[in-house]
Amino acid sequence: MLFYLTKDNNSNNIIYRLLLLVHFNRKRSLFMNCKFLIIQENINTINFLKSIILDETLGNIVEILQKGKYASEEILFYKPDIVIIDYRIGKKNALEIVKEVHSQEKNITFVLFSYEHDEEIISKSFKSGIRFFIRNPITYTEMYYTLKEICNHIQLEKTLSIIKGALSNTTEKPPTPVLDLPTQISNILTDLGIISETGTRDLIRTIEIICEHKRHGSSIKYQLQDIYLELAKEKSEANSQSINTKSIEQRIRRSVLKALHSIAQLGIDDYYNAKFNEYATRLFDFKQVKQEMLHINDSNQSRGKVNIKKFIEGIISCLNF
């Protein structure tokens, strides 16, 4: 264990204890103290979640709501660690509730647990501040391990936040300049281990084109084939030769599959890895990440699958443009 000594013995004691806390928490359960608030209309879904949270001792449930009317007020009153919410709850949707809560309290994690499969809605959900998306139906075991890792992630963030507070320099730092769009995208692809892949250029430009459409107020609805056509036309004009959209699509898909493999390998090496926790659910269906992990450990298992649009929208949700 590495830690820095200061001239202040009290500071040394605090830092040492905090680092010990992180060290031992990684060896034991981190998720025992999570507070849950459930917002679901379906009683079967509520009972399903209750049985997992309580029977598996993931934490305690502070409140259960079946209507969205006063949901924001209830959340702000109870201040849970995790809110498990359906996309539509009465006349309100989850995005409205998240916006209302996060305007006053940022440190509440929202998990969207829904039958909703619309990629545009999922993209909007991530942009609104929802951290995790879990598709229903899901098995008991899958839901347990997913919630367990979400709890672990939150508790680890809390511990690291305490350490940052103890080590933070009170000197005011100048604001970090906003990087240009290609650099932001490249940094994410570097994190994913695919920056040198053949399809990276096409992937970066595809994301740029979509961002340009969104920036100029175009409808959020788009077809990837239309974007590929636009990119093919752009490349054809630049190179004075015909470019096949199919080859663009294949190169991008290979790159995204490599990213899935890279993230799955990170998860195998260290389930608490920050990059794994950041990207596993934002860019991929977590069930497919788990499947890819199984494949890495046993080549007889089938590989995980990727959804290119979810991957792209997940990256866009990380960008500042």
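Every residue number used here counts from 1 along the chain in the order it is shown.
Cβ atoms are placed via backbone N, Cα and C, with glycine included.
Per TrEMBL, domain 'Response regulatory' is recorded for 35-151. Each residue in the domain 'Response regulatory' (35-151) gets a DSSP state, and the totals come to 52 helix, 30 strand, 35 coil.
Residues or ranges marked as 4-aspartylphosphate in TrEMBL: Asp86. Taking a C-beta cut-off of under 8 Å and a sequence gap of six or more, Asp86 (4-aspartylphosphate) has these contacts in its own chain: Ile39, Gln40, Glu41, Asn42, Thr45, Ala94, Leu112, Phe113, Ser114.
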(request) Give me the mean pLDDT over the domain 'Response regulatory' (35-151), rounded to a whole number. (result) 89
